[in-house]
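Undergrad: Straight from Swiss-Prot, here's the annotation block:
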type	residues	note
BINDING	Lys241	ATP binding site
MOTIF	18-28	motif ''HIGH' region'
MOTIF	238-242	motif ''KMSKS' region'
Amino acid sequence: MSQEINQKSQEVRVRFAPSPTGYLHVGGARTALFNWLFARKNNGKFVLRIEDTDTERSTRESEQMIMNDLKWLGLYWDEGPDIGGNYGPYRQSERLEIYKKYAYELVEKGYAYFAIYDENDPKKVIEKTTKEPKTKNPFTVVFKVPENKVIAFDDMLKGRIEFSTEHMEDFIILKSNGYSVYNYAVVIDDHFMNITHVLRGEDHISNTPKQLLLYEAFGWEQPKFMHIPLILGADKTPLSKRHGATAVEHFRKEGYLPKALVNYLAILGWSVDEEIFDYTQKVQSFMPEQISNKNVVFDYQKLEWVNGKHMRTLSLDELMKYFKEWQEFTEKKFEIPEKVIEISREKVNTLKQLYEFTLPFVDDNYEYSNDYIEKFLKKPEAIHILELGMKKFSDLNDYTIENVEKVLREIAIELNLGTNKVFQTIRGAVLGRLVTPGLFESIAVLGKEKTLSRIRRTIGMISTIGG
């Protein structure tokens, strides 16, 4: 075996190996994160490998989407299909000759055999042989499972795990189309890419005995395994589309910050001393044994709360940068002034909410909420509040927060009305809704021209709604 590496390098090498059959799931992103943290903590290498042997479902578009999402999350790799490395190729579809060579070697050693199938019935085996078939019939390479053998390994998280081969059947390692099956390819790849630690979801535990049999047959040192508990939905079943969005791309479009999403994924099962943090500052604190051995539930509300905390720790310049980048996902693109962002950020938890919250400041064709119309605009005093507001704001030239507050309180006093009724009537008139940033700050930001034109517009609305 000319390519064989006889001893594992002392350098820690981990890999994230997605199948490019769709989007990057938050469960996959968390697995990538734990691998990334482990590599960085140990000054090792984080490898991206694309497992694209499912020829019917794998696409380069999905591969690119996954890489884009990982980059957006900040989980950059040291070796991979786009940047290369010393252990490539990093796509399984480009490693077929390697798989064939070592599958045939297993046959030569007596650990596997060729299964030849009926030409008209691809499931019917007509011959098993250790000689390479010269027939036109389809054939596979099948690994021979030893009888009544106990297979064991020490999981970094779960401790000793044992399996028996008593109920295991021989399994295909090389398909008739020349492509490898998962359990075989992953062993070949992890060995020749010198992977030292395999951190993956616990749904892979059932794959481990087949992989260990292959390591033993080749006489190769196996990596250390850690199987991470799964992310569940609220009903305690594995997280899926049934529970809501699961794609990293969805959360990106919904206006979540990358560091906030990574922060939340990190605390899903990792016991740390604080809930809000920058994951890049937690590298030295990462210890696999601190990961919970229990499945964890994905809480969408908690994620939104974490995101809001991150949004409020950003400088205004940083928030504006993220906000402008996020606007590529919007149909209406407006230049939102910094001052509007500044007075709005405390009331929202996502960039999308920030956009929706600030839109009335720049979109003069804003709609009035039903709440505002029913609770305030249809009331008989609304016209008096708005007409007096027009007069007083017309007389005001210096739109400071203090002056705006003074005008609004004068309206309440002169009309002998409660401040809430006056404030909410004016708030809805200038912004179309009842939940906004501070009213005094909002009018100060809008300025004289916009404030007056919006009150005038609302007065015109009253006759059309029967107020």
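Including glycine, each Cβ sits where the backbone N, Cα and C put it.
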Undergrad: Looking only at DSSP and grouping its letters into three states, which state does Lys241 (ATP binding site) belong to?
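TA: Going by the DSSP assignment, Lys241 (ATP binding site) falls within a helical segment, counted as helix.
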Undergrad: Do you know the mean pLDDT across the motif ''KMSKS' region' (238-242)?
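TA: Averaged over the motif ''KMSKS' region' (238-242), per-residue pLDDT gives 86.
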Undergrad: Could you give me three numbers for the motif ''HIGH' region' (18-28), the DSSP helix, strand and coil residue counts?
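TA: Breakdown, helix to coil: 3 helix, 1 strand, 7 coil.
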